[in-house]
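According to TrEMBL, the features are:
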DOMAIN    23-288  domain 'NADH:quinone oxidoreductase/Mrp antiporter transmembrane'
TRANSMEM  56-76  transmembrane segment
TRANSMEM  96-115  transmembrane segment
TRANSMEM  152-171  transmembrane segment
TRANSMEM  178-196  transmembrane segment
TRANSMEM  202-219  transmembrane segment
TRANSMEM  240-261  transmembrane segment
TRANSMEM  281-304  transmembrane segment
DOMAIN    290-343  domain 'NADH dehydrogenase subunit 2 C-terminal'
TRANSMEM  325-345  transmembrane segment
Amino acid sequence: MNPQAKLIFTTSLFMGTTITISSNHWILAWTGLEINTLAILPLISKSHHPRAIEAATKYFLVQATASTLVLFSSMTNAWYTGQWDITQLSHPTSCLILTSAIAMKLGLAPFHFWFPEVLQGSPLTTGLLLSTAMKFPPITLLYMTSQSLNPPLLTTMAILSAALGGWMGLNQTQTRKILAFSSISHLGWMAIIIPYCPKLALLNFYLYTLMTAAVFLTLNSMKVLKLSTLMTSWSKSPTLSAILLLTLLSLAGLPPLTGFLPKWLIIQELTKQEMAPTATIISLLSLLSLFFYLRLAYCSTITLPPHTTNHMKRWHTNKPVNPSIAILTTLSIMLLPISPIILTIM
C-alpha cells in the first residue's frame, strides 16, 4: 500500500476515535464511528485477495447496520426527552436499541458471527487494530451510558459471549480465528461488569489490549497464521516462542500473570453485587478459553514437529526481538504485583 495512503487512513482512525471518545453529542459520536469504519476498510482489503474483499464487505455491512441503530436510538431518545447528550440516555427503548447496536459493533454474542470471518480475511496488523483500537470507541459509549443500561440484558449477552467464545474456539486451527473467539470471550467479561463498575470494564479493556497486542505482534514477527506453522517456529525463534507462551497464559487469566487481575476484580465486584452464581458461571466458562490458549502455548513451545512434516524447516534467526514486543510482553506478564497502585489510580 502507498505510504501516503496508509498515513491518511491511520490518521483518520486516530481522528475518528478521538471525536467519538471526546464528544457529548450523539451526532458527533456517530460521525467518529463512521470515520473509523471508512478508514479501516482499505486496510482490511489492501491485499486484494477475494477473502480480504469478502471480509471488508462483511465488516462494512455490519458496521453500517450498527451505526444506523446508534443513530436511530439517539433520535428516539431525543424525540421523547429532548436531549442529545450521550449521558442523558433515559428512554428504555433507546437503551435497548443502543445496547444491541454497540454489541453488534463490538462483536458481542449473539451479534458475533461477522468478527472471526473478518479477522481471518485481514492481515495480522489490521487484525490487531480490529481487536483493540476499533473496539475502544464503542466501549467508551457503553461507559458513558452505563448508568442507563439494562443489566439483565448485558449479563445474558456476557454469558453467551463467554460460552460461545470458548466453545467455538476449541476446534480452530487458524491463529486469527482463535484470537477472534478469544476477543469475544473477553468482551463477555467487560459486558458483565459495565453496569455495576464501568471503570473496572475499562481497566479490563486496557489490559486485554496490552496482552492481545503482544500476541498479535509476536505472531506477526514469526509470520505464523496457522497452528501447523506455529509448531515449527521454535527452531527459528526460541525466545519469541517462550515469550508467546507466557503472554498466552496471561491472556487466559492465570495467576500470577497480569491477565488474572481483571478477572479477580470482576469476580469480587459481582460477589459484592450478590451475583455469586453469575460469577461462578462465567468463571467456569472461561475454562473453555483456557483450553485453546493452552493448545496454542503447547504448539508454540512443547510440540516438536515430526520429521514427516509438510512444512519447510525454519532455520534459527539471530534477528533481535522488536522493542515494542518486549515492552508489551513485560507489561502482559508482570503487572499483577503492582495492582494496588493500579487500583489507587482508578
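For all residues, glycine too, the Cβ spot is worked out from N, Cα and C.
A TrEMBL annotation is a machine prediction, not a hand-curated record.
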Handout entry: Residue numbers, six or more beyond the limits of the transmembrane segment (152-171), whose CB comes under 8 Å of its CB atoms
Key = 96, 99, 103, 108-110, 112, 116, 177-178, 181-192, 194-195, 275, 278, 281-282, 285-289, 291-292
Completion exercise
Ranked by Cβ pairs within a distance under 8 Å of the transmembrane segment (240-261), the first of 96-115, 178-196, 202-219, 325-345 is 325-345
Problem - Dominant neighbour of the transmembrane segment (202-219) in 96-115, 178-196, 325-345, by Cβ pairs under 8 Å - result: 325-345
